[in-house]
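Listed in TrEMBL:
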type     : residues : note
SIGNAL   : 1-18     : signal peptide
ACT_SITE : D145     : active site, charge relay system
REGION   : 156-176  : region 'Disordered'
COMPBIAS : 165-176  : compositional bias 'Polar residues'
ACT_SITE : H186     : active site, charge relay system
ACT_SITE : S360     : active site, charge relay system
DOMAIN   : 421-561  : domain 'P/Homo B'
TRANSMEM : 671-691  : transmembrane segment
Amino acid sequence: MRFISCFLCMLYVSTMYAEVIYTNIWALHLNCTPEQINKIAKKHGFHNLGKIFPDGNYYHMEQRQVAKQSLQAHYLHNLIFKMDPKVLWFAQQSGRSRKRRHSFTVPTDPFFNQQWYLSEAFDQNVVAAWARGYTGKGVVVSILDDGLDTSHPDIAENYDPQASYDMNDNDPNPDTQYTLTRPKRHGTRCAGVVAAVANNGVCGVGVAYQAKIGGVRMLDGQVTDLIEAMSLNLNQQHIDIYSSSWGPEDLGTNLEGPNTLAQEAFIRGITNGRGGLGSIYVWASGNGGASFDNCNCDGYTNSIYTLSVGSTTERGTLPFYSEPCSAILTTTYSGGSFHHRSIVTTDLHQSCTSDHTGTSASAPLAAGIIALALEANPTLNWRDVQHLVVRASRPVDLRTHDWRTNGVGRRVSHYYGYGLLDAGRLVELASKWKAVKPKRKSTTDKVIPLIHNANLATCHGTRNWIRSLEHIQARLTLTYSRRGDLSITLISPKKTISNLLTTRPYDKMSTGFSDWTFMSTHCWDEDPCGYWVLRIENNGDSTNRGTLTKTKMFQFEGSEDLIAVPNGSQATSGNKDPPFLECVYPLYVFESICLMSCPPHYYESDGNSTRSHRKCLPCHHNCHTCFGKEDTNCLDCPPYSILDFRLGTCSPPVYPWDHRGKVTSGMERTAAVLGILMGGPLVILCIMWAITWMVSRVFLPLAFCEALLNFRPQEWAISGF
């Protein structure tokens, strides 16, 4: 055994330090006709794998009787080829080391190991984007909030004064005005989530840790329509992304949105911002879940100009504060109840915190991920970003009861939108993205009953003819005796159900809705032609009464170049159930859309070289990019995996930190502590009882027997006789 162990150890060491590993593949340059090639291969026991180049006589051959990996060249076969006059040149193929030329190391910040949401063990996939070289460099993000601690050591290096202003005091300094009763730490915390500096020995690291970060102090005082508008349009040719984690109070009773100036600021931002590409407005969906609120009653988060972000916990469950609505586009991680881990970020007085939570943490996390995408492709416009977010969001293991499949095959939820935002997938799609066409708008203005079936031609035959949807809005005017008892549902021609409004039990208002706009993203990329159903239901007392005065529908077109739906410009349908999609050559079918090339994790299948069956098919789960479905068809590997270019396989990932273990919930930890406290004394009593029993039943009888054996009679002196 000792000899075998020593032999294996020597073999391992020699393998580690061997400079060359030979394969069972030979490359040859032959001086013979094509008919003679197979004869030569068969003569020497080789299998001819074909030409290396389309022209010429370079071939590659496999010797299947030789090990696929060897530390030494095969002497006999090399000698045979050397002696064969028809072999002009040959080489047994050996492995050669190749490395990606961009460098990436895991951040060394002291709190990084606590930033579970950045780990590849979770599906946010941020490290994958970093490993591809994207860190937010060249992108500017501004936090619209209650101020910013500009001197914080984890913010100062990335701080951008041109992305900052104090709207409350009308001066350029956005520093937080700290008081004991109102610490105003919210903006500083959000900023650290986006762009905390990496590898500086302070706190953790931001998602886009090389992006520039600014802050607008606009919530620390009376917030007016003017202050909101000026904040939303601050230095719009310099700032790329505006991150907002605020809105009307989430009480389950409010119905409020941007006023005239703020609405105009949104329009000017998406029209003129970033040199005409449009400013990116990222918005927290709201924390009114405990009050049964619905974010479609928040006019900021349900605007078509904002990108609404929901939250999920580390375990993929709904946080108690999460409120639903059909306007939510995507989801990122955040905290939940006391037994869930929260977000690590910067805090006041140059300190750190691991307690940032709510959709207030999710929105800046999404803003940071979008900053990575803008670095990958700075020419993305504001609608491109929304299209990419839809495609880069995945349901993964997010748990809720309302997942549905929409008309183009995507899973969508009123709590999570299209799912968890995958940073790695977003930057890959962004780097190859072709800009969408200009937006079109179609309006249907009708007075309708409470349940109405409408066959909407969506401007068919006009220059505003819409073939595929992005957002759809329903603007209602109605009165009702108890507004909170109403629910409103919109059903598309593809049977996609959007809950525009759910019941709000705390909303007792009788004012109803006056020209209020509800919005849904659930029909993204669907063909809007056909029958739409708008259903308004009373879920309260039968004595409730109301009057619907007016309904107006607004439909906004997506990019027909990227949509593969029946009768679309790039696709045809062979039958309707299920749809058989074909893309116009040379495009490929990918998840009901047409693309010029397949994204990572997919390979381009030409369907046996026919022009009508070009598809993006999934790679093996071990591969990042590939040329086939097998695990031996890898071209590139995920971060922390190593590509064996001889076998075409990827090694299992080896992470340099301990995020990959299963998350243990706080409830389980609490149960364990209680079990120890309650069970510990009982265990001690049992041990004491066992010791007592052993002493009484074993040791005492033995001692007694030993005493009897050692007994000797003694003489006693008796006096008195």
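Even glycines carry a Cβ here, placed using N, Cα and C.
All annotation found in TrEMBL is predicted automatically rather than curated by experts.
The 10 Å shell around the Cβ of H186 (active site, charge relay system) contains 20 further Cβ atoms across the protein chains shown. For the region 'Disordered' (156-176), DSSP puts the residue distribution at 6 helix, 4 strand, 11 coil. In the three-state DSSP reading, H186 (active site, charge relay system) counts as helix.
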